[in-house]
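Engineer: Annotations for this protein, taken from TrEMBL, read as follows:
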{"type": "REGION", "residues": "1-35", "note": "region 'Disordered'"}
{"type": "TRANSMEM", "residues": "83-103", "note": "transmembrane segment"}
{"type": "TRANSMEM", "residues": "123-145", "note": "transmembrane segment"}
{"type": "TRANSMEM", "residues": "171-197", "note": "transmembrane segment"}
{"type": "TRANSMEM", "residues": "203-221", "note": "transmembrane segment"}
{"type": "TRANSMEM", "residues": "228-246", "note": "transmembrane segment"}
{"type": "TRANSMEM", "residues": "258-277", "note": "transmembrane segment"}
{"type": "TRANSMEM", "residues": "289-311", "note": "transmembrane segment"}
{"type": "TRANSMEM", "residues": "326-348", "note": "transmembrane segment"}
Amino acid sequence: MDTTGSRRGTVRRKTAATKKPSGLQPQGGACSDDTYDHKLMQRESQPSDNKHSLIDKFQSKMEINVKNSTSKADMRRNFLKDVGLASFLFGLVCTCFIIYQYLQELLMRIPVHNGMKFDYPVFLTFTCFATNLITTSILMGGMQLKYNRDYKLRSDPYMPRKNVFDQLDRTIAFLGVLAAISNVCAMVSSLTAVKFIGVPTQIVIKSAKMIPILIGGFIIFKKRYPWYDYVAVLLITGCIISFNIFKPNSKMDGENTVFGLCMCFFSLLCDGITGPIEDKMLSLKDLHPYLLLFILNFFGFPVVTASVFIFEGAEPFAVIAREPRIWGYVALLSLTASLGQVVIVVCLKLYGSLYTTLMTTIRKIASSLISIFYFNHAMSAAQWVSMSGTFAVLLARQLLKYKLSSKTKGAPGHGH
């Protein structure tokens with residue numbers, strides 16, 4: 001009995017022992033191994049995900065660095081291109097106008113026949129207008145070709161077809177005729193003055209072009225100007241007066257200062273008419289600079305053609321036929337004048353008036369120095385100061401204008 005009971009107790013204990021784990025097993029415990037494996041996989045996958053995320057971050061950083069380095073390289077390349085283009089245009093402007101003004105004075109002093117000199121300023125104006133008309137016609141043709149190509153490649157079916165003469169109407173044409181006539185007179189009188197006063201005096205006086213433009217704009221169109229323009233006018237006027245008062249008594253052969261000065265001041269008077277008329281044309285229509293140049297040369301060419309035959313006849317053409325070297329000088333003078341004019345328009349469009357004024361002022365200084373030392377113009381110390389003062393006032397006025405306009409644009413309420 002005891003043995004059987006002990007056996008039964010043992011069996012019960014074994015049964016209980018075998019059932020105990022089953023009773024202690026939590027619900028869903030059949031998946032415990034899978035859960036563990038899943039947790040293990042999660043633990044193993046976490047470092048893997050971290051590795052992938054680190055790799056992704058590293059790759060993104062590499063891409064950002066590559067983009068930054070590429071953008072910096074592009075910025076450097078673009079900067080060098082801009083500097084190179086600006087330097088090229090600056091050199092081209094200086095070269096063209098230095099050669100142009102050197103040839104002006106040279107042609108007036110070259111003996112061509114029986115001791116006579118090539119004293120044909122109207123003819124020189126005629127050749128310059130002819131070259132300018134050809135150049136601007138080519139530019140206008142290029143613009144029209146671009147308009148035609150854009151029209152063919154248009155994405156908008158309602159896009160209108162452009163024409164380079166869309167902005168030209170009767171009012172613009174009438175003002176263009178007036179501006180062309182005054183421009184011809186200004187150029188003829190300026191070239192005439194070179195023989196009698198030389199390039200340095202001509203440049204100093206012509207640097208005061210803003211004086212008649214300011215006066216003409218105020219009288220003709222009642223236009224108001226900022227205060228620094230009036231200050232610049234007074235200072236430049238003082239420099240011009242002192243430049244002519246303190247000149248040495250020595251004169252070059254055939255020089256007549258009074259007549260030369262009269263021609264220069266008449267040229268300034270014509271500039272005082274041309275400038276405000278051009279401003280009026282630009283205020284009426286948004287004229288492209290090439291179109292404005294074309295209008296002035298197109299309407300000015302018949303005027304100067306008639307003038308050359310009225311005042312100088314066929315004689316300059318005969319001299320050109322006898323003296324081939326004169327023809328080379330005249331052709332180079334006309335080409336440099338035309339090219340320089342176009343480059344100045346391009347510089348105004350790309351860089352604005354500040355950079356363009358700096359370029360033209362530097363080339364005026366260079367032209368004056370070359371003329372002084374090459375053609376032996378006598379200059380007193382007061383004249384050097386006056387000439388330097390004229391150029392300094394021009395630059396200071398443009399810098400002040402640029403700074404004030406920048407402050408106005410950056411001021412609150414002017415952001416639109």
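Using N, Cα and C of the backbone, Cβ positions are placed for all residues, glycine too.
What's the neighbourhood like for these features in this structure?
Structural biologist: Within its own chain, the transmembrane segment (123-145) has Cβ neighbours under 8 Å at 104, 107, 163-164, 184, 187-188, 191, 288, 290-291, 293-294, 297-298, 300-301, 304-305, 307-308, 312, 316-317, 330-331, 333-335, 337-339, 341-342, counting only residues six or more beyond its boundaries.
A Cβ distance under 8 Å defines the sequence-distant neighbours of the transmembrane segment (171-197), meaning residues of its chain 6+ beyond its ends; these are 104-105, 108-109, 117, 119, 121-122, 124-125, 128-129, 206, 254-257, 259-261, 263-264, 266-268, 270-271, 273-274, 277-278, 280-281, 284-285, 287, 295-300, 303-304, 307.
Sequence-distant contacts of the transmembrane segment (203-221) (same chain, six or more residues past either end, CB-CB distance under 8 Å): 101, 190, 229-230, 232-233, 236-237, 239-240, 243, 261, 264-265, 267-269, 271-273, 275-276, 279-280, 364, 367-368, 386-387, 390-391, 394.
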Engineer: With Cβ distances under 8 Å as the criterion, find the stretch in 258-277, 289-311, 326-348 that has the most pairs with the transmembrane segment (83-103).
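Structural biologist: By Cβ pairs under 8 Å, 326-348 leads among 258-277, 289-311, 326-348.
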Engineer: Would you mind listing the long-range same-chain contacts of the transmembrane segment (289-311), meaning Cβ under 8 Å and 6+ residues beyond its ends?
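Structural biologist: Result: 120, 122-123, 125-126, 129-130, 132-133, 136-137, 139-140, 143, 164-165, 167-168, 172-173, 176-177, 179-181, 183-184, 188, 278, 281-282, 341-342, 345, 348-349.
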